[in-house]
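Colleague: Quick one: the structure is below, and I'll ask about it shortly.
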Amino acid sequence: MATTLNPSEISELIKTRIEQVKLSAESRNEGTVTSVSDGIVRIFGLADAMQGEMIELPNKTYALALNLERDSVGAVILGDYKHLREGDVAKTTGRILEVPVGKSLLGRVVNALGEPIDGKGTLGPTQTAPVERVAPGVIWRKSVDQPVQTGYKSVDAMIPIGRGQRELIIGDRQTGKTAMAIDTVISQKDTGIKCVYVAIGQKASTIANIVRKLEENDALDHTIVVAATASESAALQYISAYAGCTMGEYFMDRGEDALIIYDDLSKQAVAYRQISLLLKRPPGREAYPGDVFYLHSRLLERAARVSEEYVEKFTQGEVKGKTGSLTALPIIETQAGDVSAFVPTNVISITDGQIFLETDLFNAGIRPAVNAGISVSRVGGSAQTKIIKKLSGGIRISLAQYRELAAFAQFASDLDETTRKQLERGQRVTELMKQKQYTSMSVANQALSIYAVNEGYLDDIPVDKVLTFEEGLHAHFSNTQGALIDKINNSGDWDNNIEAAFKQHIEEFKTTGSW
């Protein structure tokens, strides 16, 4: 005979059964370290790991998951790994790598993970943001139409850079690439542009010297220095560029202008090649992995000028009517001037122009050693100030004609008057384009120098006196025309009154003969 249960007994029975159930959730977010070598850790059993996820190892050590294989995960360790052993427990965190961002990083030197390394204590209030982010889409971008003044006559006149542009600085070692980048940072002192300098694979002494120079020139207050020195692991050198980009994007997203320098992407590509080979990925051309183009394209595409709508949407209406920009100056080091190597050609094709620095020009004393013939800025022309755009057209033509004629003049015994004048003008333009390091030049002074050479005022000045003449001219101009200088620097306009003032001022100064 079947036992009958009343409702109260049934509910009691169910409660008892529930209490007896032992919940033993299958742990799929833990794995076991099977090998540790050369900064690479292999982990068995992390079935739920995601690409680029942070993996927690013993002693608060983290690794970045890069290879997701059928039964194991290959990850690069961020930091020291001497304490890790085979059999250690590894856990997924569900987070991708993030770094601190915010205004409290300005004036500080941090490592690739955003930790301060300058001995000035902890960072102030910060937020965190992921190091990898999709670049702004086409709809959110605006055309480049505002200038970034480098302070170099040769660059601002012939190869202008705009806010939101990617302009490559390329050349052999010891041709002044870093010097040009640092001078550009110093020139942003009073422009409101925040700067991020990412040092990849450089000597610690070199980085310390750069930081000291920025401090001496009052430029560190608007700059974040991200340092991944040559003594640090390949993983940190690889990540540092993305970390710096994230710090720069913080300002772009909030309707401000930022400038980022990657010094240099050749060393980042070498670090990534090292990681890829250790992870046993198949090598391609020059032993680089197949995705080395994507390595740089996804980084440089994050530099952009974004619209007012983008900024308003990102800040949820807090910032209105402001565009933001992130301008990138990547640096590439070539070997014996070979710009057709794998990484240089990749980055040339990604960027909006390039500044070629040549060893021969550098050794000849022409510094910055810019080769005006093959340097180009594809979008910067629309961002030039009116006055420089109006005056600089003749500079490139004069230099091009001079280089062409100089080659023939070596074989010609006697030259006609026109050719001789073009050669002499070219010599003076070449001399005028020389500039010492840490001597940034304002728009007004650049315009005055270019006007003087274009109108022939330097034709009777000896070539070796051109720079002395220019220095005296600027000093005289600042003493007598302070209001006009401020007007030109603020507006960048060009009109007949300014031309008349330039003409009168140069003629007055020439009569003094005080150079």
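Every residue, even glycine, has its Cβ placed from backbone N, Cα and C.
In case it's useful when we look at the structure, here is the feature table from Swiss-Prot:
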| type | residues | note |
| --- | --- | --- |
| BINDING | Gly171, Asp172, Arg173, Gln174, Thr175, Gly176, Lys177, Thr178 | ATP binding site |
| SITE | Ser375 | site 'Required for activity' |
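Locate each feature and note its surroundings.
Modeller: Note on Asp172 (ATP binding site): other Cβ atoms within 10 Å of its Cβ, all shown chains, come to 18. According to DSSP, Asp172 (ATP binding site) sits in a coil region rather than a helix or strand.
Long-range Cβ proximity for Ser375 (site 'Required for activity'), meaning a same-chain Cβ under 8 A and a gap of 6 or more residues, is found for Met158, Ile159, Gly353, Gln354, Ile355, Phe356. DSSP classifies Ser375 (site 'Required for activity') as coil under the three-state reduction.
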Colleague: Using Cβ-Cβ distances, find the residues under 8 Å from Gly176 (ATP binding site) that belong to the same chain and are at least 6 apart in sequence, listing them in sequence order.
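Modeller: Expected: Leu357, Phe362, Arg367, Pro368, Ala369, Gln437.
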Colleague: List, in sequence order, the residues of the same chain other than Gly171, Asp172, Arg173, Gln174, Thr175, Gly176, Lys177, Thr178 whose Cβ lies within 8 Å of the centroid of the Cβ atoms of the recorded ATP site.
Modeller: Glu333, Leu357, Thr359, Phe362, Ala369
Colleague: Fewest other Cβ atoms within 10 Å: which of the binding-site residues Thr175, Thr178 wins that one? Let me know.
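Modeller: Candidates: the binding-site residues Thr175, Thr178. Fewest Cβ atoms within 10 Å: Thr178.
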Colleague: Are there any residues at least 6 positions away along the chain from Lys177 (ATP binding site) with a Cβ closer than 8 Å to its Cβ? List them or say none.
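Modeller: When sequence neighbours closer than 6 are ignored, Lys177 (ATP binding site) has Ile169, Ile170, Gly171, Asp263, Asp264, Ile331, Glu333, Leu357 within Cβ distance under 8 Å.
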